[in-house]
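First the structure, then my questions, so here it is.
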């Protein structure tokens, strides 16, 4: 029976609010009512959501100052978003985190540029060596002894013992 009474009470409160809203909205002087209701709803929601959150955070956190600061910054950022601003309030910790992230990214970019520069220098040196090998140098007379394989040929007089080492020798076998 108690639950039924609570349900009737809730329904009567909703009916009362609806009738009140209809009478207010019929009045032409209340053109800004939806905006006022919107702001009040947001403030009420923030109030109801932030107080228990702050209590839990303060009990469980070791550093209550940072928690309070973070909650206040979050509330103000929410209000700024609701007002249509794109800017946000940031704490020093967030700024330091963002700066560290930017510095890390810059270091990574510099390392990549250094690696690419080193590779490009190596490629240029390799291309220079290839070019130097491909460049034809003009010579007055071409030595053809290399081409016909006669550079190291010796005549009979030039051999040390005076006989041709490539000539077959007589071999006798014992029977």
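Using N, Cα and C of the backbone, Cβ positions are placed for all residues, glycine too.
From Swiss-Prot, here are the annotated features:
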TOPO_DOM  1-28  topological domain 'Lumenal'
CARBOHYD  8  N-linked glycosylation site
CARBOHYD  18  N-linked glycosylation site
TRANSMEM  29-51  transmembrane segment
TOPO_DOM  52-175  topological domain 'Cytoplasmic'
BINDING   120, 123  Ca(2+) binding site
Please compute the mean pLDDT of the model over the topological domain 'Cytoplasmic' (52-175).
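A mean pLDDT of 75 is what the model gives the topological domain 'Cytoplasmic' (52-175).
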So if I measure Cβ to Cβ from residue 120 (Ca(2+) binding site) and keep only same-chain residues at least 6 apart in sequence, which ones fall under 8 Å?
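Looking at Cβ-Cβ distances below 8 Å from residue 120 (Ca(2+) binding site), excluding near sequence neighbours, one finds none.
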